[in-house]
Amino acid sequence: MIEVNLPNHHYKIEVQRGLLKSCGQWVANIWRPQRVAIITDETVAELYGEDVADNLVDHGFDITMLVVPPGEESKSLEKATYLYDALADNDFTRSDGVIALGGGVIGDLAGFVASTYMRGIHFLQIPTTLLAQVDSSIGGKTAVNTKKAKNLVGTFAQPDGVLIDPNVLNTLEIRRVREGIAEIIKSAAIADKDLWNYLGTLKNEKDLLNHAEEVIHASLNVKRRVVEEDVFDHGSRLTLNFGHTIGHAIEKTSGYGVISHGEGVSLGMVMISNRAEAFNQSPKGVTEDLIKMLERFNLPTSISLDRDMIYEAITHDKKARGNTIKIILLKKIGQAKIVDIPIETIKDYIIEEEV
Ligand SMILES: NC(=O)c1ccc[n+]([C@@H]2O[C@H](COP(=O)([O-])OP(=O)(O)OC[C@H]3O[C@@H](n4cnc5c(N)ncnc54)[C@H](O)[C@@H]3O)[C@@H](O)[C@H]2O)c1
Ligand SMILES: O=C(O)C(=O)C[C@@H](O)[C@H](O)[C@H](O)COP(=O)(O)O
Ligand SMILES: [Zn+2]
């Protein structure tokens, strides 16, 4: 069990194989019996929806299932509006709660809806992808995308608890497993050399899944430490955005969901490090180390893209302030730094041709 201690909030993350089957008891330890909306997507609903709902009913909860289509396109204001209406139609009040059951899309969307419906109702996270289990379910960033940019509209809102059952990863497609690994590699690269070295002992994605509990714990601890230090993203938390400036822009310009979040982060980490190395802002060899680690888990490391389109998307990045933007670079493997540059200069970090 991991505890997250924030200035005005404290919650527990439980990581245990098979825990989903007894989630009713876990929820009952946090909430008294009440109305609960399970927000999920069609794929996850089919696989785990009934088990979770039945278990909660057995513990006295009154369940409403709210299901959206799977995929990044559901992280939208349109789906948020659908969910607000559904909560109101089912008479949800501020003493009721939301459970986000799914990947990062569901976590971000359900967290956003819970934190804005009636100015905020309680929510829990039950992440079902590796990415959500190691990154998005903790830390309290919620968001939806707009036509202009990824995660343009969102809140900081912490869950009352996070339940992680690594067994659910058995049904995950391998491409989805890789996406989670991209965020794990990011966490190791910015703040945990031991985790980096450990990842280097694993053969591939399947081998990593065999060691899921250790890897999930280590990644969560990186994120927990960073979030506890800077919950509102004013300073050190920005390092969790390594690879995301260009990554988010790639996701947006490819059409949400075509290049996934994890793939964008993988490409973004390589691109920014490659240029930083050329400009003597990161040490020689760091990009090659990153590429080797990403390739070990079959993540993409190069792409052809349109610099102007990527630049336009980056101008809406939340790390921009006036005419400058903060970028995240590696000081070395296991340590990151935040560098302020004029926003136009980001063009020098965007490589158009496949490398
Ligand atoms: N809030 C944060 O701190 C944070 C951090 C990282 C990423 N994110 C966001 O997370 C999103 C990406 O999350 P994701 O990669 O989990 O994508 P996702 O939620 O779209 O899930 C990927 C796919 O896996 C399916 N799925 C989920 N669980 C499954 C299971 N156990 N078995 C079989 N299929 C399953 C889903 O239906 C979906 O089709 C992005 O929008 C990204 O911006 C947020
Ligand atoms: O929690 C954070 O802080 C992160 O930056 C984690 C990222 O992996 C995640 O993708 C996050 O949603 C990005 O946030 P944003 O502020 O760039 O929208
Ligand atoms: Zn991310």
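Cβ from N, Cα, C; glycine included.
A quick note: this is a predicted structure, and the numbers were derived from the prediction, not measured.
Quick look at what TrEMBL lists:
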type: DOMAIN; residues: 66-178; note: domain '3-dehydroquinate synthase N-terminal'
type: BINDING; residues: G104, V105, I106, G107, D108, T128, T129, K141, K150; note: NAD(+) binding site
type: DOMAIN; residues: 180-320; note: domain '3-dehydroquinate synthase C-terminal'
type: BINDING; residues: E183, H244, H261; note: Zn(2+) binding site
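Overlay of TrEMBL annotations on the structure.
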residue: G104; record: NAD(+) binding site; DSSP (3 states): helix
residue: T129; record: NAD(+) binding site; DSSP (3 states): coil
residue: K150; record: NAD(+) binding site; DSSP (3 states): coil
residue: E183; record: Zn(2+) binding site; DSSP (3 states): helix
residue: H244; record: Zn(2+) binding site; DSSP (3 states): helix
residue: H261; record: Zn(2+) binding site; DSSP (3 states): helix
Could you give the mean pLDDT over the domain '3-dehydroquinate synthase N-terminal' (66-178), rounded to a whole number? 97
Provide, as an integer number of angstrom, the distance between the C-alpha atoms of D108 (NAD(+) binding site) and E183 (Zn(2+) binding site). 16
Under DSSP, the domain '3-dehydroquinate synthase N-terminal' (66-178) has how many residues in helix, strand and coil? 50 helix, 29 strand, 34 coil
Are there residues of the same chain, six or more positions away from T129 (NAD(+) binding site), whose CB falls under 8 angstroms from its CB, and which are they? G102, G103, G104, L169, L172, R176, E179, G180
Write down the Cα-Cα distance for I106 (NAD(+) binding site) and E183 (Zn(2+) binding site), rounded and given in Å. 17
Hey, for the Zn(2+) site built from E183, H244, H261, who else sits with CB inside 8 A of the CB center? L131, D135, E179, A182, K186, G243, G247, H248, G262, G264, V265
What whole-number value in Å do you get for the largest C-alpha pair distance within G104, V105, I106, G107, D108, T128, T129, K141, K150, the residues recorded as binding NAD(+)? 22
As a whole number of Å, the Cα atom of H244 (Zn(2+) binding site) is distant from the Cα atom of I106 (NAD(+) binding site) by 19
Between K150 (NAD(+) binding site) and H261 (Zn(2+) binding site), what is the CA-CA distance rounded to a whole number of Å? 10
I'd like to know which of the binding-site residues K150, H244, H261 has the most other Cβ atoms within 10 Å of its Cβ. H261
For I106 (NAD(+) binding site), the nonlocal same-chain Cβ neighbours (under 8 Å, six or more residues apart) come out as I39, T40, D41, V44, V68, S74, A100, A132
Across all the protein chains here, work out how many other Cβ atoms are within 10 Å of the Cβ of G104 (NAD(+) binding site). 27
List, in residue order, those binding-site residues out of D108, T129, H244 with a Cβ under 6 Å from any atom belonging to ligand 2. H244
For D108 (NAD(+) binding site), the number of other Cβ atoms found within 10 Å of its own Cβ: 26
Using a 10 Å radius around its CB, how many other CB atoms surround E183 (Zn(2+) binding site)? 27
